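What TrEMBL says about this protein:
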| type | residues | note |
| --- | --- | --- |
| TRANSMEM | 21-43 | transmembrane segment |
| TRANSMEM | 58-80 | transmembrane segment |
| TRANSMEM | 92-116 | transmembrane segment |
| TRANSMEM | 136-163 | transmembrane segment |
| TRANSMEM | 175-195 | transmembrane segment |
Amino acid sequence: MSSKDFVSFILNPFEDLTTRNQLIIGIVGFILLCVLSYFFHFINDGIISLHFREQQAFWTYLVNGLINTGSLTILMFCYGKFNYSKTRFLDVLITVLIAQCVLVLMGLLLLNPYLMRVMEDLQVQIESGNINKLKLSPLSLGIITLAGIFSIFAIYYFFHLLVKGMKIAINSNKLYHTIAIVLLTLILNSVLSAFKPYF
């Protein structure tokens, strides 16, 4: 695969892969996110929200993942059906699963034990009143900065994949669909974060 093909695949993984392969990648990503949540002790308490919590039984991470995946899939499927009667549930499910693969990278790079030790040390210094004399190595500062930049790009990429897949599912290239998909997802994220229907 050439670099051009790789970039094309990253920007639109729905184009060259079969439905079966897309589904496999999405399911593997879902399982990896649950495994990372279990070992790194965080919860995906919203569509794009990740927070630390005390470790729970592994099945709770599976159920919580199903809540997020299921709720976003149902919402997007209803929106798709409203705009395009031929929208297939499987296409929407695959789109959601593929988009959620981005959360695996976010969990791996932003919530790993090393970065968390750096952040905890920084928090202790701030809480002790040393905000003007923070002791932070250039390496740690660089890692924190890169993590912040990556988180912004990761959220953008999540929505890029979600919109790209949904537009294929509803056979549309109209801008207002992009806006609607993003807004609906953000609203659902806020609802889930507020009511927390998780274990």
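For all residues, glycine too, the Cβ spot is worked out from N, Cα and C.
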Sequence-distant contacts of the transmembrane segment (58-80), meaning Cβ under 8 Å and at least 6 residues beyond its ends, amount to 30, 33-35, 37-38, 43-47, 87, 89, 92-93, 95-97, 100, 162, 166, 169-170, 180-181, 184-185, 188, 192, 197-199
Long-range Cβ contacts under 8 Å made by the transmembrane segment (21-43), restricted to residues 6 or more beyond its ends, are 13-14, 50-56, 58, 61-62, 64-65, 69, 90, 93-94, 96-98, 100-101, 103-104, 107-108, 111-113, 198
